[in-house]
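I have placed the structure first, in the form of structure tokens, so that the comments after it can refer back to it.
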Amino acid sequence: MSENVPLVQTQSQDPDQGHDHDHEALTSPLLPHYQRASNSTSQLAIVGVNVCPIESLDYEIAENDFYKQDWRAREKIQNFQYIFMKWLLCFLIGCTVSVVGFCNNLAVENIAGVKFVITSNMMLTGRYEMAFLVFFLSNLVLALFAAIITTFISPAAAGSGIPEVKAYLNGVDAPGIISLRTLVVKIIGSISAVSSSLLVGKAGPMMHIGACIASLLGQGGSRRYGLTWKWIRFFKNDRDRRDLVTCGSAAGIAAAFRAPVGGVLWTSGLLWRAFFTTAVVAIILRALIDVCLSGKCGLFGKGGLIMFDVYSANISYHMADVPPILLLGVVGGILGSLYNFLLDKVLRVYAIINKKSVTYKIFIACTISIFTSCLLFGLPWLASCQPCPLDSTEDCPTIGRSGNYKKFQCPPGHYNDLASLIFNTNDDAIRNLFSKNTDAEFQHSTMLIFFVTCFILSIISYGVVAPAGLFVPVIVTGASYGRFVGMLFSSHTNLNHGLFAVLGAASFLGGSMRMTVSLCVIILELTNNLLLLPMIMIVLLVSKTVADAFNGNIYDLIMKAKGFPYLEAHVEPYMRQLTVADVVTGPLQVCHGNEKVGNIVHILKTTNHQGFPVIDEPPHSESPVLYGLILRAHLITLLKKRVFLRTPVRIGADAFRHFSADEFAKKGLGNVDKIEDIKLTEEEMEMFLDLHPFTNASPYTVVETMSLAKASTLFREVGLRHLLVIPKRTTGSPVVGILTRHDFMPEHVLGLHPLLVNSKWKPLRIALPRFLKIF
């Protein structure tokens, strides 16, 4: 609990009091107190693949006297600059993310395309062993390169990045998740990993890339590189940076899927600015795609940007088609929850292995790459060759380039249907599965083999030490399952197999990721057909409802496995039976309004806490009173400036003369001041600091009898880092303690009250939040 202030322990009632049972039932609390000396929930989390200390972000504005004076001194032009810069930065984020996303996709398609062309040309001449060697070595080198740069340069870039971004937007600050180093490794590593034929996607990394770009643009400049434009200084706080990261993540989703509306719904906050950002992305991508359509983008004319224009004709469906669709949703929900369960277990195993040494991390990546290459090259040999259809609208067989009819080892006039899916890029495999008028293209055995292969490979590939997304693997796995179901029901429905593939992808996404509205819009934008809306809605709702009965969505499971203290929107039911006094722990460290410098230095050196209550006591006040809350960073700034007083008196207006607003602004990444860097003399240690002008005099406070559920809702909705607990009676100390993010974690609460684990509330504790999420 690195930002937690240890709290005063509340007194538990004596269990041996001599009261009769009726009176005890009326007067004793519902739950006995089993409190610890301190909050023992984890202060560490797995960021990427490394274990790192975590903090919380300061979304609350510290409304101290200095802040108020700074705002009063601002002119109207400065307020205009602030608003103008908000929209300008959103425009710059949209431009940058769209260009990066386009280049990312273009690089993947051309690198993978060259690999498949060379391999296919060798197979045409009968050099199968040499073709396998080229395919195997190219995949191994690309995967090894991605693993090495991720391991040694930025371990935080491993994985999709979506759990880390979600945790950041929830208020969790982990080192390196949105740094420049992470951005560079995420871009290069994603290109390399996806090009290596690992069954990983680039949509999740693209969202992380958008968040990194937004964070770097909102850093407020850099003195090292001379980027200290005055207008940008307004964004040197966590609140504005969070808003920019939200817009950046929306832009990343929009760039990955060419789905601007889906990107906005994914973030669900800052509607207008996020919508503006994704609109910029859509316009620039459209312009860049027009360049590619002229044949200037290498092997693949569309630059690999996902857009499956598979249904331009009207779609007719009837009531008889509803039962197969419902079955698709039910089975998709079951498979999605099974997928989440297995992926969670595999990631936990990988985490144990990754702790051993760097060698193990790279060894796992190489092993998965070798296994994948052998499967992708070997499985098509099990499929029988099919004669080319006479009414095909494209070349058959397809040699070297993308297409529905891969020749592989087949004689002229024949194609290998399994190679058309496996021996291809993920995007082209999805296009083949979604394509219409191809009901006779694939065999039942081909679909089943491809589904099982994708299901297994996507699970074991995600944990490698490289940037790897889940969206595209889940889509391709769900599409293969949906098309297989469509083939089974072909005699009982008028819907074609390509439509079943779309619905299968929707059901698997709903069963795994559970974000129904945003996923629905993304799928509609992917397929470019609004007529699919009713069926996609039904499939998503059914699959999500079924899957919620088994476990949580995949990103929540990953965040929990990584140890991020993520605050859910719905509180646990047992929190309504507890008060905030039931979870505070102690003892409490406080500062006085006029505090001795030596005391401040001692507190900062002996604790890692990030906030301290400030109280006034006689003779400065009639009785002990809570003045407010001061942050650790602000105390260090005051010590660095050395504006000390020889007597404990108010500094008054001189505070505004000695300090500027920039000195109290949030520092950039890696520029945090430390108390160990400040050297003070013995004389200075005996002096005093007046903390009043720099203390947040209006912090959020709750009375100690407030229910923990209400406090948790307040903490999450407002985006707090510290929540002060004050006594119900004014006698004694003016503050009972401080609640932070870790105090609301189930691990902490259940650790203090272990009887809740096996209490009658457990079934309700598990079922109710999942039921509420449905609505």
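Glycine residues also receive a Cβ, built from the backbone N, Cα and C atoms like all the rest.
These features come from TrEMBL:
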COMPBIAS  1-15  compositional bias 'Polar residues'
REGION    1-25  region 'Disordered'
COMPBIAS  16-25  compositional bias 'Basic and acidic residues'
TRANSMEM  82-100  transmembrane segment
TRANSMEM  131-158  transmembrane segment
TRANSMEM  178-200  transmembrane segment
TRANSMEM  244-264  transmembrane segment
TRANSMEM  270-288  transmembrane segment
TRANSMEM  300-319  transmembrane segment
TRANSMEM  325-342  transmembrane segment
TRANSMEM  362-383  transmembrane segment
TRANSMEM  448-477  transmembrane segment
TRANSMEM  530-550  transmembrane segment
DOMAIN    694-755  domain 'CBS'
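Of the candidate ranges 82-100, 178-200, 362-383, 448-477, 82-100 contributes the most Cβ pairs within a distance under 8 Å of the transmembrane segment (270-288).
With pairs at least 6 apart in sequence, the transmembrane segment (362-383) and the transmembrane segment (178-200) have 3 or more Cβ pairs within the 8 Å limit; the two touch.
In this chain, the transmembrane segment (448-477) lies close to the transmembrane segment (325-342): three or more C-beta pairs between them fall below 8 angstroms, excluding pairs fewer than 6 positions apart.
Looking at 131-158, 244-264, 362-383, 530-550, the range that has the most CB pairs within less than 8 A of the transmembrane segment (82-100) turns out to be 244-264. Beyond the transmembrane segment (131-158), the same-chain residues lying 6 or more positions past its ends with a Cβ under 8 Å from any Cβ of the stretch are 47-50, 52, 111, 115, 118-120, 122-123, 164, 174-177, 179, 181-182, 184-186, 188-190, 192-193, 195-198, 208, 358, 361-362, 365-366, 368-370, 372-374, 376-377, 464-468. Taking Cβ pairs closer than 8 Å, the transmembrane segment (362-383) reaches residues 132, 135-136, 139-140, 142-144, 146-148, 151, 196-199, 350, 353-354, 406, 408-409, 416-419, 422-423, 443, 445-446, 449, 453, 457, 460-461, 463-466 in its own chain, all 6 or more past its ends. Through the fold, the transmembrane segment (244-264) approaches residues 89-90, 93-94, 97-98, 100-102, 165, 168-169, 178, 202-203, 206-215, 217-218, 235, 270-271, 273-275, 277-282, 285, 305-307, 471, 518-519, 521-522, 525-526 of its own chain, all at least 6 residues removed from its boundaries and within a Cβ separation under 8 Å.
For the domain 'CBS' (694-755), the number of residues in each DSSP class (helix H, G, I; strand E, B; coil) is 25 helix, 12 strand, 25 coil.
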